[in-house]
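What TrEMBL records for 254-384 is domain 'Oxidoreductase molybdopterin-binding'. The transmembrane segment annotation in TrEMBL covers 30-50, 73-92, 113-131, 151-170, 196-219.
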Amino acid sequence: MSRWGDRLPRAPREADFTSSLRGPEVAARVGLWLGLCFTVAFLTGIWSHLYQDQPSWLTIPTRPVWVYRVTQGLHYLSGTAAVPLLLVKLYAVYPKLFAKVPFGRLRELVPHLLERLSIALLVAAAIFELTTGVLNTTEWYAWSFSFRSTHYAVAWVAFGALVLHVAVKLPVIRSALGRPVDDGERPEPGLTRRGLVRTALGASAVAVLAVAGGTVPWLRTVSLFETHDGSGPQDLPVTKSARAAGVTATALAPSYALEVVHGGTRRTLSLDDLRAMTQHTVTLPIACVEGWSAAAVWTGVRLRDLLDLVDAPAGATVVVRSLQESGAFKASEVRGNLADDDLTLLALLLHGAPLSIDHGYPCRLIAPNRPGVLQTKWVSRIEVA
Ligand SMILES: Nc1nc2c(c(=O)[nH]1)N[C@H]1C(S)=C(S)[C@@H](COP(=O)(O)O)O[C@H]1N2
Ligand SMILES: [Mo]
């Protein structure tokens, strides 16, 4: 007669996982690239937050105009590259989950549990960051929390846990990297460890190529999974349409007028008034945090010329407001150095034709070296702060 316990499936043990592909040789090599991807994503992510929540002491230079475009592209691509690497890394270390817990020996138990806790945090945070990041590029917000603040907060957890992990594992990493990835003899037929590491790196490269066209124009034709492939009205993608922003009627209304306000001074300009002002043409990118960027040719009025109409002092910070009544991007702040820049326009034309309504008709802000989320569309009011 068998007892109950014999009939229940037994939990796996570390020794049950016999593939020689698993282990520190693969984990350390794939981990090196994964750590690099996470570091790039972390630093470029912090950089992006500095633009979006610009501290008062920080002045961000307006040149080169493409800096944010490049850092945002790196963020997007390093995060994408990390996805296959993380999967292979988890595969290589997964049996450790079933390692024996040294319950009897307190001296070993405490460090063991601490390590498990830090790894649990690292794995959970890494999976969370990559999942929310990838979903964000598809603009599928399958959650109710704020994407940006949560992705940002968990990034600190992930990166902190990563640094701790590397510090704790340094001896293991060094010895694994110091010996050849394969043992010389092939213990089992099929994939070698070197083959697995190469497959991981290859998969990572394929993932990057599959989406890079959204931000690297000459890769557009190879990027089969790119959602923002350059299509859209006037050959420029759209993140938020006029209809989604609820501005179709107000943007097209003949009564549209732009207000420029500085204290008690106020000017109201019709679209014809704006067209009658000196027009300038600039080539500037839109670099969207959802993972695409594209350069375009914009024509319109310099923001500084509008500020001069209400005697705004040089260096004044301004707030640009949209016809859009709700949503995080209905307004943006423009610091003095950017507001006074010759390339900062209230654009009326895109590639020589009036802005399509989805690109911000009647007029939209376009400024150098700035996240797309701050390039406010359907502008209705400019206020000197
Ligand atoms: N009023 C308003 N402006 C906005 C947005 C918005 O949702 N509302 N989206 C921003 C985002 S996220 C980006 S990337 C750019 C995209 O500009 P485009 O749609 O003309 O390409 O517009 C920005 N301007
Ligand atoms: Mo965006």
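Yeah, the Cβs are placed from backbone N, Cα and C, and that goes for glycine too.
Remember, TrEMBL labels are computer predictions, not curated facts.
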Tally of DSSP helical, extended and coil residues in the domain 'Oxidoreductase molybdopterin-binding' (254-384): 23 helix, 59 strand, 49 coil
Integer mean pLDDT for the domain 'Oxidoreductase molybdopterin-binding' (254-384): 97
Remote residues contacting the transmembrane segment (73-92) - C-beta distance under 8 A, at least 6 residues beyond either end: 21-23, 26-27, 30-31, 33-34, 36-38, 40-41, 44-45, 48, 123, 126-127, 129-130, 133-134, 137, 196, 199-201, 203-208, 211-212, 214-216, 287, 291, 293
